[in-house]
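S.K.: Take this structure first; my questions come after.
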Amino acid sequence: MAAIRKKLVIVGDGACGKTCLLIVFSKDQFPEVYVPTVFENYVADIEVDGKQVELALWDTAGQEDYDRLRPLSYPDTDVILMCFSIDSPDSLENIPEKWTPEVRHFCPNVPIILVGNKKDLRNDESTKRELMKMKQEPVRPEDGRAMAEKINAYSYLECSAKTKEGVRDVFETATRAALQVKKKKKGGCVVL
């Protein structure tokens, strides 16, 4: 039986952990060096609920320089991972300000999984000290859940690519969401 093919696109601010999350899931190794993304695609096989799914993983660059290029990733998307970093309250603020409007515009009706990356930094002392200097604190789980509700996300999950905690769960949930969407002949994302 042929595998079911689904397309996942990951979005979020630059340096919020998108590429690391994809690399840890698809290659099971954590990249120690930060390399800003242009566009990288991976394919990963995942089994959920007894179904074999070939998940095409589309990485995107969060930096503003790529705002005009990023929409090229959106056509025929089945599920969106919308990421922020737990050590960056500003990246959470950009979820309703920037990412939700962009995704809803290009991918109406595509399920969104809101993902809090870098969970391991929530209790990291040096991270907390740095944030305190700016009168901020790491994003709390309830803030993430409230945001997921606000943007009408399919689900809210937290993970750490570094420790691998929660990583598989993110992709299993995303795959389930993608499988639930019944595509019309022309459905999916549109580029206008």
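Including glycine, each Cβ sits where the backbone N, Cα and C put it.
On a predicted model such as this, the values are computed, not experimentally measured, just so you know.
This is the feature table in Swiss-Prot:
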{"type": "BINDING", "residues": "12-19, 59-63, 117-120", "note": "GTP binding site"}
{"type": "LIPID", "residues": "Cys189", "note": "S-geranylgeranyl cysteine"}
{"type": "MOD_RES", "residues": "Cys189", "note": "cysteine methyl ester"}
{"type": "MOTIF", "residues": "34-42", "note": "motif 'Effector region'"}
S.K.: Can you check what DSSP calls Gln63 (GTP binding site), collapsed to helix, strand or coil?
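M.R.: In three-state terms, Gln63 (GTP binding site) counts as coil.
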S.K.: Helix, strand or coil for Ala15 (GTP binding site)? Use DSSP.
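M.R.: Note: Ala15 (GTP binding site) is coil by DSSP, not helix or strand.
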